[in-house]
Amino acid sequence: KVHRVLKRVFDYLVKKWFFIGLASFIALSHSFPHATEGVEIDYWAVALIFFISGLSISTKELLLNMSNIHAHVSVLVMSFLITSAIVFGICCGIKAAHNGEISEWMLAGLIVTHTCPTTVSSNVVMTRQADGNVALCLCEVIIGNMLGAFVTPALSQMYLSGTWQFANPANGTSVSSVYRHVMMQIGLSVFVPMFVGQVVQNIIPKQVKWCLRFFMLNKVGTFCLLLIMWSSFCTAFRQNAFTSVSHSSIIMICFFNLGIYLFFTLVCFFYARPWFVLKLFPHKPDENSSRVYRINYWLFRPFFYSKKDTVTILLCGPAKTAALGVSLVTSQYGNNNPYLGQLLVPLVLYQAEQVFTAGILTSFMKKWV
């Protein structure tokens, strides 16, 4: 009987190994914040994730999803415009309440967080776990992060004006340097490993399939995600991000992040499967259909996505990158900014909470697909 109970506990712990690992790495980063200093974990871990993705996805499927313009528009509008506009409105309301317990710089950090592009690694890992369209996810990650180098600083400048002027970086030289840094990071950690993976897959397809199955490379990708989270938290603890603000602010940010992530996920679902599109376009155009119907069907019907594509949008839409986000924020504000820690707290916490929440939601998404 005791043996059976212990086996059940062990099986449960194995099933939840990702969450246990996440908690362990956060504890490690608190105790040893300098452990990852000078080590490019973000580069190598992200590169390995995309190399595995390059090995496992066919070139034909990747090119087909790259041409899915409707999905690109949906994810980019949600990721950059809708999320940032909603959070900006909420933060303006909180600021107008003049609550002395809530740091205004942390509210500015929330705004900057939601101007960041979608996350690179966790999207790919979670989409694969949820049986979503991984090829489409790869495309969204690449396009979103390439545009993020330009869009994030521009949105930050737009939102942080008027009553938010105190938090406006307004540093043209630092903003221009971030473009070079981000493009180099995306090139080395995304494009090159994925291209190599595609080449290897097309040269020796049978051996690649055997390696993917025998070495359980999908699990390796999930472990790489934990390493990226560890690196992000080490950066935050090293810069005294959590000690530079009040406990009330951190508690508020934690609950806000969780609530807003779930809200954006719900919005993405209705956004990706709008019922009225099916009502307006119940059938494919035929010889009896008018020209107007044909044109509108071609323009709007693709905005009602399949279940696999919907899962990709659910995971890419609300997600924000900490790996590139930290670089974007520090490049705009400078490493010596006294408020850098407060600006980074919302970003680092949001990434941890989105990974934790998405890890739970993927099981439900998998059943739905």
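Cβ atoms here come from the backbone N, Cα and C positions, even for glycine.
Taken verbatim from TrEMBL:
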- 12-32: transmembrane segment (TRANSMEM)
- 44-63: transmembrane segment (TRANSMEM)
- 75-97: transmembrane segment (TRANSMEM)
- 182-204: transmembrane segment (TRANSMEM)
- 216-238: transmembrane segment (TRANSMEM)
- 250-272: transmembrane segment (TRANSMEM)
Residues of the parent chain within Cβ reach of the transmembrane segment (12-32), under 8 Å, 6 or more residues beyond its termini: 222-223, 226-227, 229-230, 233-234, 236-237, 352, 355-356, 359
Distant-in-sequence neighbours of the transmembrane segment (44-63), which means Cβ under 8 A and at least six residues beyond its ends: 120-121, 124-125, 134-135, 138-139, 188-190, 192-198, 200-202, 208, 211-212, 217-218, 220-221, 224-225, 227-228, 231, 323
